[in-house]
């Protein structure tokens, strides 16, 4: 079967999984990995391998760009210091702590070669990057605080670049291509700094052109060029393609996409990138299941578990350390958030990309790949599956999310009651027998009783209800004012400068309301 046919089948499978996960309490990405493992074990399909070139050049740029364009620079700067701490010293500390566990432990396992410090750092860097796709989708579903979501998303977006740079430097040292530690430090800041500079230039150029566009298709094409172009240009110049794409995405989203005059163009562009992220993640997580060597993974399961424990412990020390540093400041966040950030730091596609990029000539490549894949799988299944209960235990869900759950349960109860009334009418008109009516009534009454019991567990006070109604009304009024403002500009009543100034004020008000409702 050709690769084209296999890719088409994978999209069909991904669509089916997406539909099924709507009706079961399972994150979409976790279900995809499970299905991929099952299909890979049965050898029913032979998809393209997860090579470095495929993941690094095809999948990574659009995923990073999509995440970046949806982040507001103002939100990023608000928590800039905690995020910067997690992204640079945090990634380096996590890498070293992981290596500090794996190096002495490895000598006790006869089936593997002893892991040296350079190899331990290589492994630590590969698993330092977080990929909380499953967690973020769960946050959106449960209504987690907006600032917590932004902390996790922002850190994940930026620590990708740091972990890649550390990984590359470790690999160069092992291969004998790196000089002194001072050279490594200089190279680190050169690769990161110039990567951000390249991305900023691409982003500013893209935003400048976008201001003059009134066509959705051209805008989408331009953003696609920015996503891949920023990555490829930086990569060709020998600097960080990930950091370049991050910078390009942030500026394109903040200076370009958010200031497009026509909402229809902005909506079309955002929808396109949401689909691209969905499609790319679907293929990656399915192919991830195919790529795992289950036999070797089982043979090395003891050291894989130790590796996972070391990664999780390093993550805990880094996050709680950051919490302790900023607790006395204006950037503080609750310790319960630190627990969620620790447990929500899933490993994913990027860790696998880095492991697969190790040269075949390197003797310990298979060991590193197996350890990385094992850590990724455990984090996805264990942490991803238990995140929802953890958030409920810690009381992370905001009052607004509790209100949404309350409204959802109440709506379901009313719908079932309406169905029962209609069934009763059908019975009276002799379209439904008494036996069928009794059976269906018992079935729906059981559902209503279960929902009512769950409803009684949710405490929603009147003050919260009034607050949410006021926020919703204010949001609606600002959206109506924005719509009226655009109509006045299009009719020639106001100038472009006035339109932009007033729209910026409306956007700021909407941003404040979103934070109040978080």
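Note that Cβ sites are derived from N, Cα and C of the backbone, with glycine treated the same way.
So that you can see what the record holds, here are the features copied from TrEMBL:
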COILED    434-468  coiled coil
DOMAIN    12-392  domain 'Cation/H+ exchanger transmembrane'
TRANSMEM  6-24  transmembrane segment
TRANSMEM  31-48  transmembrane segment
TRANSMEM  54-71  transmembrane segment
TRANSMEM  83-103  transmembrane segment
TRANSMEM  115-136  transmembrane segment
TRANSMEM  157-176  transmembrane segment
TRANSMEM  188-209  transmembrane segment
TRANSMEM  216-234  transmembrane segment
TRANSMEM  275-297  transmembrane segment
TRANSMEM  303-326  transmembrane segment
TRANSMEM  333-356  transmembrane segment
TRANSMEM  362-382  transmembrane segment
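With a threshold of 8 Å between CB atoms, the same-chain residues lying at least 6 positions outside the transmembrane segment (362-382) that come near it are 29-30, 33-34, 112-113, 115, 119, 122-123, 126-127, 134, 174-175, 288, 291-293, 296-297, 300-301, 303-305, 307-308, 311-312, 345-348, 351-352, 354-356.
For the transmembrane segment (115-136), the list of distant contacts is 27-30, 91, 94-100, 102-103, 106, 149, 152-153, 155-156, 159-160, 162-164, 166-167, 170-171, 173-174, 281, 307, 311, 314, 344-351, 354-355, 358, 364, 368, 371-372, 375-376, 380, 383-384, 387: same-chain residues at least six beyond its ends, Cβ to Cβ under 8 Å. Taking residue pairs at least 6 apart in sequence, the transmembrane segment (54-71) and the transmembrane segment (303-326) share fewer than three C-beta contacts under 8 angstroms. 157-176 is the stretch from 31-48, 157-176, 188-209 with the greatest number of Cβ pairs below 8 Å to the transmembrane segment (83-103). When Cβ distances are compared across the two stretches, the transmembrane segment (333-356) makes contact with the transmembrane segment (54-71), since 3 or more pairs at least 6 residues apart fall below 8 angstroms.
Contact between the transmembrane segment (188-209) and the transmembrane segment (54-71) is not supported, since fewer than 3 Cβ pairs fall under 8 Å when only residues 6 or more apart in sequence are counted.
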